[in-house]
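According to TrEMBL, the protein has these features:
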DOMAIN    17-85  domain 'CHORD'
Amino acid sequence: MAGREDVVPRPPEHVRCKNFGCNKYFDPRYPEQTKCTHHKLPPVFHETAKYWACCHDKKAYDWEEFMKIPGCQQGQCTDVAKDKKFLGGADLRAENAPKRLDDDVPVDPRKKLDKLREGLVSIGVGPDDFDRAWGRLGAKLGDLNLVVQQMNQLFTEVLQNADTNEMNLPD
Ligand SMILES: [Zn+2]
Ligand SMILES: [Zn+2]
């Protein structure tokens with residue numbers, strides 16, 4: 001049974017803390033029971049460097065390293081998102097236009113499908129064919145995340161088979 005106590009199911013009423021770099025789930029009814037170590041300012045992803053705007057002396061160059069940078073603030077967890085507009089403040093030169101990671105990697109499956117569609121259309125696939133395909137999958141699976149997964153499988157298969165078919169072509 002050792003280690004079992006680590007696996008605590010998340011009660012449905014818990015929400016993720018919105019403080020920068022905390023990510024802990026907590027019960028929003030009792031924020032006073034939380035201990036939150038977090039960052040004062042948002043993350044900055046600039047070229048290969050990843051750091052927190054409040055701790056710019058601690059730069060990381062990969063995700064794991066970045067996640068290990070200890071928070072510089074102590075407090076309580078909150079479900080109220082911080083206003084992000086101070087990202088362009090005195091600490092950060094505006095011309096360095098910091099990029100948030102979620103600009104690069106869409107988490108929204110609808111956006112992923114849009115990107116995929118864009119790419120396919122750019123190589124000549126009919127946009128209507130793509131729309132019909134994901135529409136059908138969406139209706140069948142009922143969840144766009146599953147549609148994305150299914151697209152992944154379909155394309156992986158097609159790409160792998162494309163390779164074999166080519167090798168089987170008669171001269
Ligand atoms: Zn910090
Ligand atoms: Zn927190």
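Using the three backbone atoms N, Cα and C, a Cβ is placed for every residue, glycine included.
Mean per-residue pLDDT, taken over the domain 'CHORD' (17-85), amounts to 87. Residue counts for the domain 'CHORD' (17-85) under DSSP, split into helix (H, G, I), strand (E, B) and coil, are 13 helix, 19 strand, 37 coil.
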